[in-house]
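Following: one structure in structure tokens, then a few remarks.
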């Protein structure tokens, strides 16, 4: 009888479903970008909607995840109830944990959705939770990036650490031999209470941003390679980095310029991320390695991280750019996705439809504290939040005078920004810097169908274009529109002559839209006025070259000539080029260029250099489409790179 009972109980036990198991390895990572291997088993009746959530800090409520992955799109063995995935993690000053949830089709709520209008996964049925994953102590700060101060013999370095204990930068001409050159970093941070609107000031979007350190290396010789580390003896030092100091006497300028790049993540999250940013950084790093010890800098003109209130995306962004930003100065100007919120202080009636909620409630605070650009421009937020900084400034680099402006704050006549621009442009010594390049976020000219911004462009034409024309600005570079488009030398929508075929030439600005570095929300081109609903988009005469190809621009200037080239991400090659003489004459690509619009001329040595070995997170962050996950609902619109044509799918509103 006892034997029968034993078999009976064993039979019952065997019919009890096993609990799902979720394991992680290793449990301690050495630095941001290192991967954790996540493995699960024992999931009964697996569903396509079962999903894995990333949480940091580990005690976050279920609905406050950092990101998520559907098991069905993460592992080929998911249907067996078991599988695995490797994910690179970014240090967020707290540990991570992972949770698996079951989400049923009947629980899908289309009213709770992400930016792409995909329903966010439900958290009602928790299946398993992992142990925590952390990062080693004493490894030194992260998110290292350089900037010019505007003063000769200096280089600024900024970085992030988990506490406010003193950090330094030590530097010298020989690696490991610092010769007493040490600078103590200032430290600061911002709080959740500094944010102006949701989601930035809500628990779903807020995460500890860490402590932001800012140090200046001084006494630098011009054009010399310096090695440096940031950190401290008690908290650890970063790995050794290097940069080449700027040589004020140099007769050459090299820069890489773009807008609207954003960042990529190895997971889905509340906000759309930008996979193409990986390729942009990859190709720029290729070019930097080819340049060797020539000084250069990067210019990112607005819509920087596209965090939009989800603070960990700033961390993802700085870890993406660190391989280049720790080597060369990384300069920025403000865009709508860093700043705009409903109660921003400057919002005239004509701009009501322009300045909205694009900043996700950040109101410029992370942008203002995570960067420190030359000059001292600032505007109060009108709230308890710190003033918005890094709005407008300028500096000389070799034969080029670079000017940065804000299209999100007052630029009209009578404003402090207008007065700065007027005085700055009128004060340029053209014998010293024969070229002037102005950069801002929203474009003065575009042939994209940007009807919402039309009132702002009218104000720019009224107030700023006369300044540009009267002061012989050579190049005006803009972002916001996620395309590349180059115009003829332009004034009031009219092309000026380039002096060919015996004509007199006019020194007018060449406007170029360069917002094609990562964001893939695209407006259509402007249709015919008399056929606004037909998909026919004629290219106006003033638009000499335009494309939906992703990429960046490369500027090379001597005292005699400035060349701006557009490099496409699908092949890393030059696809468009314009050349401007110090006199202001545009040599190629104009309306009387023998009928050859936007012709590409001989490519310089930098373009011919070999492709580098670097691909950030290439083993995990895969370019292209994410798998759809809900029957009857649209999947994440991750477009595949169209290598044959360089065109992408179109969307209408997001910029």
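Just so it is clear, glycine is given a Cβ too, placed from its N, Cα and C backbone atoms.
Unlike curated records, TrEMBL annotations are generated automatically.
As annotated by TrEMBL, signal peptide applies to 1-18. Annotated domain 'Purple acid phosphatase N-terminal' per TrEMBL: 141-244, in sequence order. Annotation source TrEMBL lists domain 'Calcineurin-like phosphoesterase' at 258-484. Residues or ranges marked as domain 'Purple acid phosphatase C-terminal' in TrEMBL: 509-576. Residues annotated as transmembrane segment in TrEMBL: 614-635.
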*What is the three-state DSSP composition of the domain 'Purple acid phosphatase N-terminal' (141-244), stated as helix, strand and coil residue counts?*
3 helix, 47 strand, 54 coil
*Going by DSSP, how much of the domain 'Purple acid phosphatase C-terminal' (509-576) is helix, how much is strand and how much is coil, in residues?*
0 helix, 32 strand, 36 coil
*Per-residue pLDDT averaged over the domain 'Calcineurin-like phosphoesterase' (258-484) comes to what?*
96
